[in-house]
Amino acid sequence: MATIIYDDETTFDALKDRTIAVMGYGSQGHAHARNLHESGLNVIVGLRQGSSSWAKAESDGLKVMTVDDASRAADVIMILLPDEKQAAVYYSQIEPNLKAGDALVFAHGFNIHYNQIVPPKDVDVFMVAPKGPGHIVRRTYTEGIGVPGLIAVYQDATGKARDLALSYAKGIGATRAGVYETTFREETETDLFGEQVDLCGGLSALIKTAFEVLVEAGYQPEMAYFETCHEVKLIVDLIYEGGLERMWHSVSNTAEYGGMTVGPRVINEYSREAMYEALERIQNGEFAKEFVLEGMVNHPVLKAMERQEKEHQLEVVGKQIRANIPWLNKKIDDD
């Protein structure tokens, strides 16, 4: 079982005399920078010159520099850039400014685990990964609570890497909900697996296929959308709040019996075998190699798949239905 560390077991001592540079001011970047700043820590934001986020970060009361200048000024550097952009920025603007005893921080282990970034031996390398989107990390912090997080130490050059990770996690509010100790390998491989077979890939494929089956069988696309896509949130919210047990308890007996008897026929041993194949490609680096090579040529396959998704009948019908739900449109705009 994982080791869990809570707020009253941590302090800011490891970071009190350090300068933290948060590279990026997107979903996670703005939450990390503002939470750390409001926790009383010394924070600067690193952005490319001319970034549209520059003025926003300054208006939030933060000091902003270029990535090059920020990495020179800081001794704890959190890289919150897209996975495919991290290595190029690191080697051109961060590594040349690293000093012995500095710390590199990541919120996902992809680039370290797959050797896209190979840090010098005289710096600490650790991970702090909140298990929630940036706006939730920020909102829960302001409410005096937090989202759970993960910490991992990859390289402990100073003997202080774990203490730094815990202080950083405390600074963004994660220790309020508990932080779980893991490794870069475990976080990376389980995160990619979840994205591919369940949360993003598996769920979207299941929704689309179920929608297509109903439409092909002659049912109205609108009815198919409601039953296979729109209502997913209702079920997921129940699972999120109380696990599968809460969901089964909350649905009708008809839904429970049908779901329990038919579900295993749909997600069956063939599906399990495909999941193991996906996991193997993650573990042996095949997926990482494929993704990195795809990025080197500007993601032609990804862009083609994105176009196909936008043109799918599910998306066309979904946009029409959502247009008739004003409160839903307002919520999306607010987020």
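Cβ from N, Cα, C; glycine included.
From a predicted model like this one, the values you see are computed outputs, not experimental measurements.
What Swiss-Prot lists as active site is HIS108. DSSP assigns HIS108 (active site) to coil in the three-state reduction, placing it in neither a helix nor a strand.
Within 10 Å of the Cβ of SER27 (NADP(+) binding site) there are 15 other Cβ atoms, across all protein chains. Annotation comment: Swiss-Prot describes TYR25, GLY26, SER27, GLN28, ARG48, SER51, SER53, ASP83, GLU84, LYS85, GLN86, GLY134 as NADP(+) binding site, evidence class sequence analysis.
Annotation source Swiss-Prot lists Mg(2+) 2 binding site at ASP191, GLU227, GLU231. A helical conformation is recorded for ASP191 (Mg(2+) 2 binding site) in the three-state DSSP classification.
The Mg(2+) 1 binding site annotation in Swiss-Prot covers ASP191, GLU195 and is backed by sequence analysis. Within the same chain, residues at least six positions away from ASP191 (Mg(2+) 2 binding site) with a Cβ under 8 Å of its Cβ are HIS108, GLY109.
According to Swiss-Prot, the substrate binding site annotation covers SER252. DSSP assigns SER252 (substrate binding site) to coil, not to a helix or a strand. Around SER252 (substrate binding site), taking its Cβ as the centre, 8 other Cβ atoms fall within 10 Å, counting all chains.
Per Swiss-Prot, domain 'KARI N-terminal Rossmann' is recorded for 1-182, and the stated evidence type is sequence analysis.
Taken from Swiss-Prot, the feature domain 'KARI C-terminal knotted' applies to 183-328, supported by sequence analysis.
Cβ-based neighbour count (10 Å, all protein chains) for GLU84 (NADP(+) binding site) stands at 16. Each residue contributes its Cα atom, and for SER27 (NADP(+) binding site) and GLU195 (Mg(2+) 1 binding site) these two points are 18 Å apart. Sequence-distant neighbours of ARG48 (NADP(+) binding site) (same chain, six or more apart, CB under 8 Å from its CB) are THR66, VAL67, listed in sequence order.
Distance from the CA of GLU195 (Mg(2+) 1 binding site) to the CA of GLU84 (NADP(+) binding site) is 16 Å.
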